[in-house]
Amino acid sequence: MGIKGLNAIISEHVPSAIRKSDIKSFFGRKVAIDASMSLYQFLIAVRQQDGGQLTNEAGETTSHLMGMFYRTLRMIDNGIKPCYVFDGKPPDLKSHELTKRSSRRVETEKKLAEATTELEKMKQERRLVKVSKEHNEEAQKLLGLMGIPYIIAPTEAEAQCAELAKKGKVYAAASEDMDTLCYRTPFLLRHLTFSETKKEPIHEIDTELVLRGLDLTIEQFVDLCIMLGCDYCESIRGVGPVTALKLIKTHGSIEKIVEFIESGESNNTKWKIPEDWPYKQARMLFLDPEVIDGNEINLKWSPPKEKELIEYLCDDKKFSEERVKSGISRLKKGLKSGIQGRLDGFFQVVPKTKEQLAAAAKRAQENKKLNKNKNKVTKGRR
DNA sequence: ACTCTGTCTCAAGACGGG
DNA sequence: TTGAGACAGAGT
DNA sequence: CCCGTCC
């Protein structure tokens, strides 16, 4: 999941592509969210003292519903209209990664069985967390009752989120996952959820500014990400972020880099290109992912189905009726104020004038130089 | 001196009462 | 699981 | 802010 060290590269080389802002500045915006990723976080994080998940009387897990319900409310309160995107089938290339993960699971299961202390059991249990079909379906049911739209992506949710943003159906993709940039989402929002309450402001990453700032085409950027390390294939051992960027800059593509290394010109014997390296397929998964055409998608935010929502959450899942009812009124209120929401699409399709883009790129370049000069700066805290 | 690797750590949600 | 940050150690 | 509760 994600691209290793990409965040660090962007912060260092193109800090101006990351705009930091308050959640309020997204009022009226629509955003696409990777649902499966959220569910995973909730399942891991929403726990009780004893480390167990929240459940109803029948012992069915409710952590994911809890998280999804309140996080969604929180966004609605702030005038943000979320659309959730669920993962479809993972692409074949990911199966290597996935089998690795499942063999790790088997080991963890063994350790769990052998675990003696409660603490040890808890630790292993957390590692075993997986988003099941049921979790996904329950979350979809919840969203349906809340009147929040969702989409089931053909493959990767991130790719579909980016597609929605590209076609102006939403303003941005909201995710912690940097690989959303590889799908060329106009904007990526990080920390959208835990701003306000927590420390960090929301980071809004502008993909075009990243490309211009690094002076790479999208193809080169994707190649860079593959070399940094992605989910789809190996990277070249011994080549870290610094070298990867240098190589892409001087050679322009992985093809050329492979040629360069194999020809021996690099007078560097240690770098080993992975065998049968499927970087071309990986590249295509980023450049041309399987998605539903955004133009065919019509996102609708509807009033909540009050009675059924109470039945589902309170009767079935044992949520507090008082809280759910208050949630319902928050939903209705948020929906009303959202009617005159911003027209995300309009400004996206014809994004910025050339002048604006050029000015922004220039700023990025200048920033880059500045940053280079003050080597070893203490990381800005706040 | 620089870069990369490996190993360690920690936290991960949302909310509110005190 | 991820990601980040910190740090040690090895290779160039 | 800390720390317990939510289910």
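Cβ from N, Cα, C; glycine included.
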Among A:D92, A:D223, A:D231 - the residue Swiss-Prot places in the same Mg(2+) 2 site as A:D177, A:D179: A:D231
Site co-member for Mg(2+) 1 according to Swiss-Prot, given A:D34, A:E156, A:E158, out of A:D87, A:D206, A:D215: A:D87
Annotated region 'Interaction with PCNA' segment (source Swiss-Prot; candidates A:276-284, A:312-320, A:339-347): A:339-347
Entry from the binding-site residues list A:E158, A:D231 having the most other CB atoms no farther than 10 A: A:E158
Those binding-site residues of A:R47, A:D87, A:E158 having Cα within 10 angstroms of A:D179 (Mg(2+) 2 binding site): A:E158
Intrachain C-beta neighbours of A:E156 (Mg(2+) 1 binding site), sequence separation six or more, cut-off 8 angstroms: A:D87, A:G88, A:P90, A:P91, A:L285, A:P289
Helix, strand and coil totals (DSSP H, G, I; E, B; other) for the region 'I-domain' (A:120-251): 68 helix, 16 strand, 48 coil
Count of other CB atoms lying within 10 Å of the CB belonging to A:R71 (DNA binding site): 18
